[in-house]
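Some features that Swiss-Prot has for this protein:
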type: ACT_SITE; residues: 25; note: active site, schiff-base intermediate with substrate
type: ACT_SITE; residues: 58; note: active site, proton donor
type: BINDING; residues: 57, 73, 74, 75; note: substrate binding site
type: MOD_RES; residues: 25; note: pyruvic acid (Ser)
């Protein structure tokens with residue numbers, strides 16, 4: 001049986017724009033995608049911490065070092081510049097394949113610069 005687990009996460013990124021007329025997706029600074037292990041065109045879930053919206057789309061690369069996090073197409077209706085979002089990518093594997101799996105979690109500052117990268121999820125509490 002395959003199980004679905006978190007592969008990579010960009011935590012509390014700041015939305016830098018929304019482009020309703022674009023065909024779709026979320027554009028993310030390629031440096032952030034690479035750090036989280038998220039591939040271009042990979043399915044991602046986006047959670048908006050400001051309004052609670054959740055959506056599924058795919059990631060595309062924005063210019064490296066730009067700090068860009070832009071929701072495109074219909075998703076642009078679910079976020080505004082300045083909102084904080086979490087970008088999550090999931091994968092599947094067997095229990096054996098996942099026995100030692102740890103997700104890549106990227107923490108960023110208000111300008112979407114990488115603060116730290118961890119191979120586990122820290123729990124609040």
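From the backbone N, Cα and C atoms, a Cβ is placed for every residue, glycine too.
DSSP classifies the residue listed as 'active site, proton donor' as strand under the three-state reduction. Taking the centroid of the Cβ atoms of 57, 73, 74, 75 as the substrate site, the other same-chain residues with Cβ within 8 Å of it are 24, 25, 26, 55, 71, 72, 76, 77, 78. Residues 57, 73, 74, 75, recorded as binding substrate, reach a greatest CA to CA spacing of 10 Å.
Between the binding-site residues 57, 73, 75, 75 has the most other Cβ atoms inside 10 Å of its own Cβ, all protein chains included.
The Cβ neighbour count for residue 58 (active site, proton donor), using a 10 Å radius and every protein chain shown, is 16.
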